Amino acid sequence: MASSLLVLATIFVLCSSGLATQPGLILTVVNNCPFTIYPAIQPNAGQPVLERGGFALHTLTHRSFPAPTTHWSGRIWARTGCTYSNEHFSCQTGDCGNRIECNGLGGATPVTLAQFSLHHGGHRDLSSYEVSLVDGFNVPMTVTPHEGKGLCPVVGCRANILATCPEKLQHRSPPGHGPVVGCKSGCAAFGTDELCCRNHYNSPQTCRANTFTQFFKHACPATFTYAHDSPSLMHDCSSPRELKVIFCH
């Protein structure tokens with residue numbers, strides 16, 4: 001009897017330890033750009049900050065970290081053209097208040113955004129993700145899921161929009177005469193309620209595509225380009241093992 005109990009206890013311990021070491025969802029950020037970027041991570045309100053909100057990522061390197069085990073939503077973007085001198089840090093695009101670690105702060109536009117809603121959908125454990133050009137563009141970006149079930153496509157924008165950005169939308173650094181480092185949205189460039197989908201225009205019926213959003217959509221069809229763009233672009237992937245954000249794919 002004692003030996004049987006010992007065997008059962010051993011099996012229980014082995015099973016328990018196997019469950020304890022079962023890995024959860026991993027987020028990986030990959031820099032395939034030919035320059036250093038500073039990825040930034042901003043949680044939605046009430047969500048925890050991951051990786052202190054930002055870090056340096058040298059060319060052809062990556063960084064992986066565990067996602068929260070409960071529901072989490074937020075966004076990831078790349079800061080580019082960053083310099084650190086005389087104890088002052090700043091970036092040409094995506095800057096979050098002159099900090100290396102954003103600690104929950106948002107970034108200056110224009111930026112290409114990856115947006116996530118993780119661990120929702122109950123027992124189906126869904127992860128939703130999208131790449132958005134609603135706030136403009138600074139680097140190509142894709143989101144690639146691994147080992148998920150259901151609708152788990154690779155989405156994003158591989159085009160170098162900086163090379164084709166209309167003059168009215170060009171974000172240059174230094175301003176005026178420097179190279180194009182970002183491509184602004186129509187909202188950022190002109191600030192009208194219609195282009196920004198504000199006030200009267202803040203509904204699916206009145207927030208519509210325009211010539212500026214169509215420019216982005218033509219370059220990168222699998223992205224959101226305005227606030228009420230097609231919800232079918234947000235994918236529900238069941239229990240992916242990893243979500244990989246790749247810059248300059």
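The count begins at 1 with the first shown residue.
Each Cβ is built from the backbone N, Cα and C atoms, and glycine gets one as well.
No curator has checked TrEMBL annotations; they are predicted automatically.
Keep in mind the model is a prediction, meaning the values are calculated, not measured.
Annotation comment: TrEMBL describes 1-20 as signal peptide.
All protein chains included, C33 (disulfide bond) registers 19 other Cβ atoms within 10 Å of its own Cβ. Look at TrEMBL and you will find C33-C248 (among others) tagged as disulfide bond.
Annotation source TrEMBL lists disulfide bond at C82-C91 (among others). Note on C91 (disulfide bond): other Cβ atoms within 10 Å of its Cβ, all shown chains, come to 27.
Annotation comment: TrEMBL describes C96-C102 (among others) as disulfide bond. Within 10 Å of the C-beta of C102 (disulfide bond) there are 25 other C-beta atoms, taking all protein chains into account.
Residues or ranges marked as disulfide bond in TrEMBL: C152-C237 (among others). Applying an 8 A CB threshold to same-chain residues 6+ apart, the list for C237 (disulfide bond) reads L126, S127, S128, Y129, P145, G148, K149, G150, L151, C152.
Sequence-distant neighbours of C220 (disulfide bond) (same chain, 6+ apart, CB under 8 A from its CB) are V131, L133, G156, C157, R158, A159, I161. Residues or ranges marked as disulfide bond in TrEMBL: C157-C220 (among others).
Among the features that TrEMBL reports, disulfide bond is placed at C165-C183 (among others). Residue density at C165 (disulfide bond): 21 other Cβ atoms are found within 10 A of its Cβ, drawing on all protein chains shown.
Among the features that TrEMBL reports, disulfide bond is placed at C187-C196 (among others). A simple way to gauge crowding: the CB of C187 (disulfide bond) has 23 other CB atoms within 10 angstroms, across all the protein chains here.
Less than 8 angstroms from the CB of C207 (disulfide bond) sit C197, Y201, Y226, A227, H228, each of them six or more residues away in the same chain. As annotated by TrEMBL, disulfide bond applies to C197-C207 (among others).
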- Close in space but at least six residues away in sequence, with Cβ under 8 Å from that of C183 (disulfide bond), the same-chain residues are P110, G136, F137, N138, I161, L162, C165, L169, Q170, H171, F216
- Task: Enter the number of other CB atoms within 10 angstroms of the CB of C96 (disulfide bond).
- Result: 23
